[in-house]
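Asks: Structure below; questions to follow.
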Amino acid sequence: MAFRCVFGAWIGAWVTAVFLPSLLIAYLGMSPGAAAIGTGFDRLPATAWKVADDVGPAAKLMVGGLLLFGLLLLDRVSGLTRTRRYLIGGAIGVGAVAATIAFLPESLSRGFAIGLTGHRFDVAATSIYLFGGAVAGPVFETVVARCRKRLAAGRSLASPRS
């Protein structure tokens, strides 16, 4: 049962690490693909999806894999306060994104970091990506805690208010 909590939380963290930066990049008009659709608040869902879709699979998989590895390690550590778990989770998210930016070859970085801006550590884009990673860790911790609380209370994971 705990696997269901961790897996769902990891998916939430991964989606956050990919789509939150995509949303900000789309809103700021930093992506050529988003600019082709048009910027503006009314087109934000479509442009954010386009930016996330333009990110190459290698970048998404590397971020996801590093997040999974780090967050599984964090999940195995006991005795940490909730605040420390959130902070460490955020640091793991930042580390996963930073490692992906630093080590993913340019040829595999389509739509991500150097593949988007032409510079591996462009200040604006890197800040946005790291912010997404920083939020991904606490998302993981929040989802895991809620899921485990629901399981401990004997409630179903399928129905939120049962």
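Yeah, the Cβs are placed from backbone N, Cα and C, and that goes for glycine too.
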Asks: For the transmembrane segment entry in TrEMBL, name the matching range from 10-28, 86-104.
Replies: 86-104
Asks: What else in the chain is close to the transmembrane segment (55-74), if you only count residues 6 or more beyond its ends and a Cβ gap under 8 Å?
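Replies: 6, 9-10, 13-14, 17-18, 22, 85, 88-89, 92-93, 95-97, 99-100, 103-104, 108-113, 115, 133, 136-137, 140-141.
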Asks: Against which stretches of its own chain does the transmembrane segment (124-145) lie, if we need a Cβ under 8 Å and a gap of at least six residues from its ends?
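Replies: Same-chain contacts beyond the ends: 5-6, 8-10, 12-14, 16-21, 24-25, 28, 30, 63, 67, 71, 74-75, 82, 85-86, 88-98, 101, 112-113, 116-117.
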Asks: Restricting to the same chain and to residues at least six past its boundaries, which positions have a Cβ under 8 Å from a Cβ of the transmembrane segment (86-104)?
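Replies: For the transmembrane segment (86-104), the list is 13, 17, 58-59, 62-63, 66-67, 70-71, 73-74, 80, 112-114, 120-121, 126, 129-130, 132-138, 140-141.
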